[in-house]
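The block underneath contains the structure these notes are about, expressed in structure tokens.
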Amino acid sequence: MSGPASSTGFHIHAEGLHGRNVQPSKPTSDGGVAPTALGEKSRVEEDERTDSEKKTFGRTPDGTIFTVPPTRDMVSQLLSPSEPKNLSDIFVLAIISCHIFLLRFLPSSSSRVAAFAIIFLFWRAAYNIGIGWLLHMQSNGRTLVCWAKKSNIFVNPSTGQNPHPILYNLLKWELETKIPEQYSFEDAPTEYNTWLVFRRVVDLILMCDFTSYCLFAIACGGRPAGEGFIMLALRWIAGMSLVLFNLWVKLDAHRVVKDFAWYWGDFFYLIDQDLTFDGVFEMAPHPMYSVGYAGYYGISLMAASYKLLFISILAHAAQFAFLVLVENPHIEKTYNAPPPRKRVAVDTDNVKPQDDDVSQDSSVINDNVYSGQAVATLEPSSMHNLLGPHNIDLYRITDSSVLLIQILFSALAILTPSTPVYQFFFVLNAALWRVWYSVGIGYILNRQSHCKMWTRHFVKYGESNQEAWQQWKGTYHLSMTMTYASFIAATWKMYSFPQDWGYGLVLLRHILGASLIALQIWTSASIYESLGEFGWFFGDFFFDQSPKLTYSGIYRYLNNPERVLGLAGVWGAVLITSTKSVIFLALLSHTLTIAFIQLVERPHMQKLYGQSLRRDAGLVRSLKRSLPPSLKQFHGSVDKILDDSIEFIEEFIEAARPKLAAGVKTFVKDTSALFQKYPARITISRLEPDLAGYDQKDYSISLEGTQSSEPAQFERASGKEGEKARSMPDRRGDKKNLMFEYGAPIKVKWTAPLNHSKKDWIGLYMVTDNTSREITRISSQGRWIGTNKASFDSLTCEQGLISSDIVINKFREDGEPKDVASGEMVFSGDKLWWTQGVFEFRYHHNGKHSVMAVSRPFEIRIGRFDDDAIYGDRYGLVRAAIESALLPVVQNCFDRDPEIAPQTVEEQYGSLVDRNGKYSRRVVFAVHQMFGIEFAPEVVRADGNVRNLAWRICNAKKVLAPYSMSRTNGATTPTAEHEG
């Protein structure tokens, strides 16, 4: 895992906006040598440096640097009598007081519960949906800053440009009262002032959210009937402990991240300081949203209310959705931008053509190391993962076998009766599979680590290391799924449906059990995200790579997350069933898992990585720092006892020769869904009343683009038509059909009257999507550009705009010359359609859907690769032709971005191709249309360059030659020569 990085765009680990610790960057000395004695002048210079180090400098997107003044936290500003109060503070306190009075004056307990449930859900929706939408729009289009600039609310009224002088003076007084030091309302950038106003809105929502939750807890609170004093005391002690822990998490998090990250400051501007992780951020991922909500469950425990518990779970889930949909995409875009591509000069004269008879399994290309010679001589590796529902492939024997066995297990568990005999056999079956998964798999890995037993077996029969690896993955995957399928079947057999959900702790046990199962699923997904397919299947037991150990993802906090969290679902099943048999299976699973880690994984890791293995993870380090000296000494003694015990067990097992091993793994379930969707524009579809003032003859649209290849233009005459239609049609006039390359940028030139609306816009549509030429009745889905800058509330609509309102003299269709406004824009990337078809551009009036002009229809077509154009059947000629045809298509699919699009067939793709799947999906669609071969998107990412992809296409065409669409390859269908 990479270390802390600068906030200006270097790679760091995404931990959530509330997970960024900001520490000042220390300026370096010019001379590099400290003086031995300081005079008066030196002391003055040092004091000045110290003062400058205390200042924080911000940087806006346009490069403006400013001093970020110190601010105080929300609670102190509102509740501390020593802090100055302004109108916004009084307003927030008044709203909070209304909540408290409402609780006091509502007549009945049921009305208080219902009212405050609705009020809390309203404020929670305002937080997660309202603030989330504002931040999403600000992140993608800088919408809030655009609103501020369009309204001119931060412009001094003395300039005559601010139509709201009262609002200006109010905001000036409000903000300068709150920030008395190092702040000037007039001099601060618009981004910073916008953030300060946004903070006041956030203060209102957060305070009301917290207050309404506490009042809802008071309304729901009570003591269960028949509860003893001991249970009451335990419930309150546990609840208070969780609340105090929650309070410590919030305070420590605010100490670490300060107000800048607490209020999502980097959605507006960045600060020139280092970002590090400290305190609570070493304990858990996203602590503000994970352990930072422990207080919800503590309050629910003290209130003894299931209503409060269910709403707490709902609010917590909404907060995770906010993290996944809003914060994580922004952090990935802002801080984890792909690094610049390393360009390597390739000597093409020394590259030898590759023999097509070389086995694909003979070598594997390292995705992170690039060499021109290696790319030319090594074949690309396969990319066909096993884990995850999206990777299920029923053509693969492993997947089909696993699916059939799962169906069999489910049928046996459901259709057989739950008698003691069947229960015994299901529990025995689960125990045997667990023993095999631990002892059997552990023995294989141990022998593989010591003497490459598994690999040697396949080499003995002439197979490669890659074949051994693929077979091992299938064996391990089958064993893992069978282990958990048998455990689930045994749990199902031992489970009895509750007759009364309200009796005792039945409902609570089910809630806690389901939570533990969800925790194990999340842990497994996090482990897979950190390790990948290679690490999940213990790839370092099979491949000798240069040892490089990194701790990322969940491994930043825990050394072996599968030891505890990876088995949480097993103990969740124990809580749900409450049977001795499931407790036995859980104990067996946990014991064998620990033995597997200590006896198989740990020795291999020590042998492979040696001293680079860390002793303590982030969570352990944080806990050790919090322990008093006496407990630290006790912890050291316990560690020594555990180490001695483990050493004794290892010696005993080594003498007995059985090898116990287990690793608890589970299916991966991806809970992240990042939606980056540009806002569709206006949906109102009525004629504007002021259209009569505009002459539609003054509006026009003309297009320029890269013409498609000749094969695409001549494919209309393919021999399938009637005899008269097999030749190209005669055209009268000088205009030819517009047919552009797939993915190539299209330049749009427009004209409009001099008084046209500044909110006019041009959208791209399929011709068949609109039946009317006067009104557009379908959204553009982000494929639109405004004709003028600063006319809409998002910067997204300005991407591609080149020029606007350039006055030219134009001859209209009726021959009359007239001065009109003109402009140019380029549609590229996400503003294009990534499919084949016939399209048109539409010019719309005043931000509405009234159509003023429509462009000529144009076609996007991918020409099929013509094998007949290559003379002979030499592999080198075919491959070179494929490379030549493929390179411009791949460049278009990668938006012609020099950071990711290759300039030569040997050059590696940029790293953004691996992060964003849309690029590889564009390429596989184009390959399918050009060559009739369908690849998975993972293949494009695995190949890494055009040369490897061309080799794969050649190989696929060779394998599928009898079924080729070309007339020269086989005669499975009648050709023209055979037709009678």
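Here the Cβ of each residue, glycine as well, is placed from N, Cα and C on the backbone.
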Looking only at what Swiss-Prot records, are Gly222 and Gly566 on the same side of the membrane?
no
In the topological domain 'Lumenal' (136-200), averaged pLDDT is 89
Counting only residues at least 6 beyond its ends, the same-chain positions whose CB falls under 8 A of a CB in the topological domain 'Cytoplasmic' (108-114) are 216, 219-220, 307
Given 87-107, 201-221, 476-495, 567-587, the one sharing the most C-beta pairs under 8 Å with the transmembrane segment (115-135) is 201-221
Taking DSSP H, G, I as helix and E, B as strand, the topological domain 'Cytoplasmic' (420-423) contains 4 helix, 0 strand, 0 coil
